[in-house]
Amino acid sequence: MAGNFSEIESQGNISLKFGFLGLGMGGCAIAAECANKETQIKNNKYPYRAILVNTNSQDFNKIEIKNAGNVRKIQLEGYEQGAARNPQVGEEAFVKHETKIFETVKQEFEDRDFIWITCGLGGGTGTGALLKAIEMLYEHDYNFGLLLTLPRDAEALKVLENATSRIRSIAMNQEAFGSIVLIDNAKLYRKFEEENPSALANEYTSYSNKYIADALHEINLVTSSFTPFSDTHFDASEFAQVINTPGVLSLAKLELKSNQLDTENPLGYLTQLGNALEKGVLYDTEREELESAKKSALSIVTSPLRASRLYNFSFLNQMENFLKDRTPYVDERPIAPYVNKHTAKKEEDIVKFYSVVAGLPLPKRVSDIIDEITRIKEEREQANSKKSNAVLNKLFAFDDSVQEEKPKKKKLNFGAEPEAEVADDSQPTKKKLSF
């Protein structure tokens, strides 16, 4: 989704007013990037608000903020050096300043339709504060969901363990709040590497934050910016119902040229659409997971020229059957064909598909992280045991007993004129120690 906006699309209307509560370094960076999203809507250039909560004072200096009026920073005083990847410290810091944080939430998010708690799982501040932030919003009846990044396998063992520990706690209580959007850092990192092979390593963070912000912003535009072609559409109120659905939320997007959409031979483009649905924008979803979804929707956007030719009964029927096949047990699954009357000339031939699927189980990626933790621990134990045994074997083989040396026998001297013995009253030389 990132990088696919046209200037005209940025003039569209947003469906829902989002607030972002950023926790820790990663969460604050994502929240700030979401608040940086611009539109050309009159009196609403920056439609989103963010509150950034962190311990380490230096982290705030790394965050670019385009409109200070839409972003509030809360420094957790007394913890300026950070939480050192210790979630207990992050939780303690949040609890100590919870009153101040909640007062800011009331002030900044009073008119928000939905709040996203953003957090990079695995660290200290964000991971530690996450459960307390959930409790705070839940107890005060806010509509909210979670926007969480999953660590890559290359992260340290402690990071992986911190992340899985929090996911387990969240899973036990996920029916109490709205959707969970998971961002697989491993997936985004591979995408960045493929698209930017010569880029510097430190450019990835900026790329991923913008990618996440664009994905959420674009789907929020689609549901409110274009002209419905038929009586069936997916509006802002339905989008609100979807993101308020407990469980994991998957976003997907596919762009095809109109000549790739042969309604008489639909297998080709339906296969591509199915792959896009499973791959997702932010994390991969398996087909079996999609089948357990609670809600789904598919929006289609194209130019007026293509809409008049494409949106026939046969095509829309194929779309309905496709979504029914992929998400058979959902409560609702609207198919919404839209017309973008402001399509740029170069995009007149493009057809864009957007899907949202809610109420999903935790993805296989979480299981993969647990497997990675198990592998690291087993290999570490084997390595330590092997090294320890090698040292012990040497120690046990080492003979540290000292045998008493016999005095050397005096050489005989039968010379013609033997020298007279001279008494030596000096003390014997002390033997040096050798360890």
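Glycine is no exception: its Cβ is also placed from the backbone N, Cα and C atoms.
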### Query
Which of N44, N185, N244 shares the GTP site with M25, G26, G124, T125, G126, N209 per Swiss-Prot?
N185
#### Entry: Maximal Cα-Cα distance (Å) across residues annotated as binding GTP, namely M25, G26, G124, T125, G126, N185, N209
19
## Note on the structure
The number of other Cβ atoms within 10 Å of the Cβ of G126 (GTP binding site), counted over all protein chains shown, is 33
### Message
Taking only same-chain residues 6+ apart in sequence, whose CB is under 8 Å from that of T125 (GTP binding site), what do you get?
### Response
L23, G24, M25, V53, N54, T55, N56, L76, Y79, G82, A83, V89, G90, A93
#### Entry: Neighbourhood of N185 (GTP binding site), C-beta criterion under 8 angstroms, separation at least six
T149, L150, P151, R152, S208
### For G26 (GTP binding site), nearby residues of its own chain (Cβ under 8 Å, 6 or more apart in sequence)
T118, C119, G120, G123, G126, T149
### Task
Count the other Cβ atoms sitting within 10 Å of the Cβ of M25 (GTP binding site), across every protein chain shown.
26
